[in-house]
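Engineer: Below is one structure. I have some questions about it.
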Amino acid sequence: MKQYLQVTKPGIIFGNLISVIGGFLLASKGSLDVPLFILTMAGVSLVVASGCVFNNYIDRDIDCIMERTKNRALVRGLIAPGVSLWYASALGVAGIALLYWAANPLAALLAVLGFIVYVGVYSLYMKRHSVYGTLVGSLSGAAPPVIGYCAVSGQFDSGALILLAIFSLWQMPHSYAIAIFRFKDYQAANIPVLPVVKGIVVAKHHITLYILAFMVPTLMLFLGGYAGYKYLIVATAVSVWWLGMALSGYKQAVDDSLWARKLFMFSIVTITCLSVMMSVDFQPDATPVLVSMLP
């Protein structure tokens with residue numbers, strides 16, 4: 001049974017659940033519906049697990065080439081490919097049905113869209129054929145917090161849009177950092193990620209620009225009246241520090257692999273801090289800060 005758990009990538013599920021909690025509690029505004037919270041977490045977990053199993057099935061030919069993925073269950077033959085398809089399908093159907101039944105049709109629809117983008121667009125085509133694969137994949141990576149938010153709100157409003165922007169833009173430097181310190185793996189598997197296709201220097205430029213872009217919706221969550229001043233202080237601190245780490249990559253004597261690994265690790269710190277702060281420093285009434293300042 002261990003291999004059936006591993007193929008769902010528990011680490012990725014856990015990381016996504018942190019963002020789901022952030023979106024859910026932000027929308028809850030202090031009024032927590034515990035059954036809805038638990039069922040939303042379960043539904044998203046099942047859908048993410050399904051996507052990961054499908055990804056393992058699709059990528060088994062390149063996973064055997066890459067050092068970090070060569071011991072995955074499907075590569076080692078611990079799970080038959082056909083069985084993995086049935087397993088992934090069952091997980092996905094269960095997760096989407098649970099979100100539809102326990103939350104609302106919008107949450108289920110967002111899960112379906114995120115799943116289609118990740119499995120159908122990113123994994124099946126973009127990852128192997130386009131340097132823009134990471135950009136497309138970032139949209140699916142941003143789905144969980146938006147699902148958590150919409151499970152409570154029942155609508156895709158400006159708060160949901162801001163969350164989508166925050167988590168999509170965060171994915172880019174996070175993913176490019178991985179591609180830099182795993183450069184040889186991606187190169188050997190012929191995966192056209194930006195650092196391999198355009199070079200590490202160009203990737204550094206993109207990382208810096210995406211972090212700057214990421215800071216805008218991060219600020220908008222405060223200016224839009226969704227989060228408070230404590231959120232603003234923490235979000236600003238981690239974002240500026242992350243940007244500083246990115247800029248340190250331009251030093252001549254820098255070890256690109258070590259720099260990228262540190263940048264990757266801090267990207268996790270950054271998004272975790274944001275998720276925690278939006279969970280605890282929400283605004284009961286989302287009144288835009290700029291509007292509230294008017295006489």
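Cβ atoms here come from the backbone N, Cα and C positions, even for glycine.
Source: prediction; values computed, not measured.
Sequence annotations record features per position, and here Swiss-Prot assigns transmembrane segment to 7-27, 34-54, 78-98, 106-126, 131-151, 161-181, 207-227, 228-248, 263-283.
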Engineer: Give the nonlocal contacts of the transmembrane segment (78-98) in its own chain as ranges (CB under 8 Å, at least six residues past its ends).
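Structural biologist: For the transmembrane segment (78-98), the nonlocal Cβ contacts are 3-4, 7-8, 39, 42-51, 53-54, 56-57, 60, 108, 111-112, 115.
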Engineer: Examine the transmembrane segment (34-54) against the transmembrane segment (131-151) and state whether at least 3 Cβ pairs sit under 8 A, considering only residue pairs 6 or more apart.
Structural biologist: yes
Engineer: What stretch in 7-27, 131-151, 161-181, 263-283 has the biggest tally of Cβ pairs under 8 Å against the transmembrane segment (207-227)?
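Structural biologist: Going through each listed stretch, the top one turns out to be 161-181.
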Engineer: Ranking 7-27, 131-151, 263-283 by Cβ pairs under 8 Å to the transmembrane segment (161-181), which is first?
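Structural biologist: Result: 131-151.
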Engineer: Mind pulling out the one from 7-27, 228-248, 263-283 with the most Cβ pairs under 8 angstroms to the transmembrane segment (131-151)?
Structural biologist: 7-27
